[in-house]
Amino acid sequence: MLLARLAQVSREVAATSARSRKTVLLAELFREAEAADVPVVIPYLAGRLPQGRIGVGWKVLSRRVPPADAPTLTVRDVDARLTRLGAVSGAGSQAERTRLVGELMGAATEDEQRFLIGLLTGEVRQGALDAAAVEGLAAATDAPPADVRRAVMLAGSLQTVAEALLADGPGALDRFRLTVGQPVLPMLAHSASSVAEAVGKLGAAAVEEKLDGIRVQVHRDGGTVRIYTRTLDDITDRLPEVTEAALALPGERFILDGEAISLDADGRPRSFQETAGRVGSRTDVATAARAVPVSAVFFDVLSVDGRDLLDLPLTERHAELARLVPEPLRVRRTLVHGPEDTGAAEEFLARTLARGHEGVVVKGLDAAYSAGRRGASWLKVKPVHTLDLVVLAAEWGHGRRTGKLSNLHLGARTADGSFAMLGKTFKGMTDALLTWQTERLKELAVEEHGWGVTVRPELVVEIAYDGLQRSTRYPAGVTLRFARVVRYREDKRPEDADTVDTLLAAHPGVAP
């Protein structure tokens, strides 16, 4: 397949909001693709490189290269060139990358150059890999859409299913089954602003503790246990406690969904950072298990004794879970009948927060398990933390944000009145906010650098974040998890900003 064709479809998909039109465009593309093209076509449509990062920055891409007159590049040719680029290292690597990028761009037409620059800077975003892609693939291969959807769910990958369908036709779907030892992507939750909102949407529901641990999918086949993360990485050897817990259960063949969490001496959850350290690739497992022991807590069951339970309602899966897993290893939950029980749900949330957990997940009782999707029947509710911080510096953006000051350096007040940096963020900014922010920060600039500007610490910004973790990278000794801009607070002075001490007091146990 020519890159020009893929670039054209990507552009047309991005230009329409109609799912039906996206489906038609993607069906046409899949009909033209060969099975061998799929490992490149699918990631490129998603704006992702199969190679991951390849060390090519905006400075190299900004160099003007005369485009080719006619399209000749195939997607597989581009993939091979980018693989060579990613392998460049050592002395002279920057010059070699520049040369290889120049060769690639010189072989590309103007439209292809635009697509490649967007791909390499992360600016290809058209939401192609959603229901429209599944329906397009089904239409292209004369396969039932529901069967393709289920195969993608079980395979955890549209790419895997597309390769099979394009190579072998609809009969290939029979090979995609829920199987012990083959992980599936977990079901995820949407967010709700409150318990009342969640219960109002779902009606009869289970309200469960939301644990801030390591999401684990545990597979047991007789005496063999495998443990997978939410991204399907095998971490069996790093969590022997979870293996031991699974082997102690009465069932012989099952798949469980849950969390591995670590509690301190007072029975409160340790920080996510500490718990997540248990699965580091360089972790000494025995030493880590003594320092940060983990426990398995399960909240769902996907398969028992060869029976696929994904399509059963939550109430029936809960019953199966209770038969298999003893209460101490099951997540705490309460049941509500509808909005009239909102008070009980809010009380459960309050008790959950008091125990140190991060919130609750409200789950519709009649809902099936939608592997690999954010199901509308699971709604997570957790308090949103916000801070008033001061902008200390800002970095120039890349790609679509070129020429705009984008990545903010954030600081909190210290005891002596200075500001300690505790993180960066470029999230939560609209185009209008970026434009305003750039002009305002230019006015406050005291020093210019190649990467951006240092500014007078006068501008207060309200930041939302999901949690706090220790960090040796920043002077404050801690950093924010998933920080994003809510709004600027020009009504506040720098001395009104939150302090490092206040932040640490709000998150006991995370002090550096």
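The count begins at 1 with the first shown residue.
Heads up, the Cβ atoms here are built off N, Cα and C, so glycines get one too.
Keep in mind that this is a model prediction, so the values were computed, not measured.
What Swiss-Prot lists as ATP binding site is Glu208, Arg215, Arg230, Glu259, Phe299, Arg374, Lys380, and the listing cites sequence analysis. Per Swiss-Prot, active site, N6-AMP-lysine intermediate is recorded for Lys210.
Structural mapping of features recorded in Swiss-Prot.
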| residue | record | DSSP class |
| --- | --- | --- |
| Glu208 | ATP binding site | strand |
| Arg215 | ATP binding site | strand |
| Arg230 | ATP binding site | coil |
| Glu259 | ATP binding site | strand |
| Phe299 | ATP binding site | strand |
| Arg374 | ATP binding site | strand |
| Lys380 | ATP binding site | strand |
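Of all the Cβ atoms in the protein chains shown, 22 others lie within 10 Å of the Cβ of Lys210 (active site, N6-AMP-lysine intermediate). Farthest C-alpha pair in the ATP-binding residues Glu208, Arg215, Arg230, Glu259, Phe299, Arg374, Lys380: 19 Å apart. Taking each of the binding-site residues Arg215, Arg230, Arg374, Lys380 in turn and counting other Cβ atoms within 10 Å of its Cβ gives the largest count for Lys380. Taking a C-beta cut-off of under 8 Å and a sequence gap of six or more, Phe299 (ATP binding site) has these contacts in its own chain: Glu208, Asp257, Gly258, Glu259, Leu321, Arg330, Val331, Arg333.
For Glu259 (ATP binding site), other Cβ atoms within 10 Å of its Cβ number 22. The 10 Å shell around the Cβ of Glu208 (ATP binding site) contains 23 further Cβ atoms across the protein chains shown. Lys210 (active site, N6-AMP-lysine intermediate) has Lys380 as its nearest neighbour among the binding-site residues Arg230, Arg374, Lys380, going by CA to CA distance.
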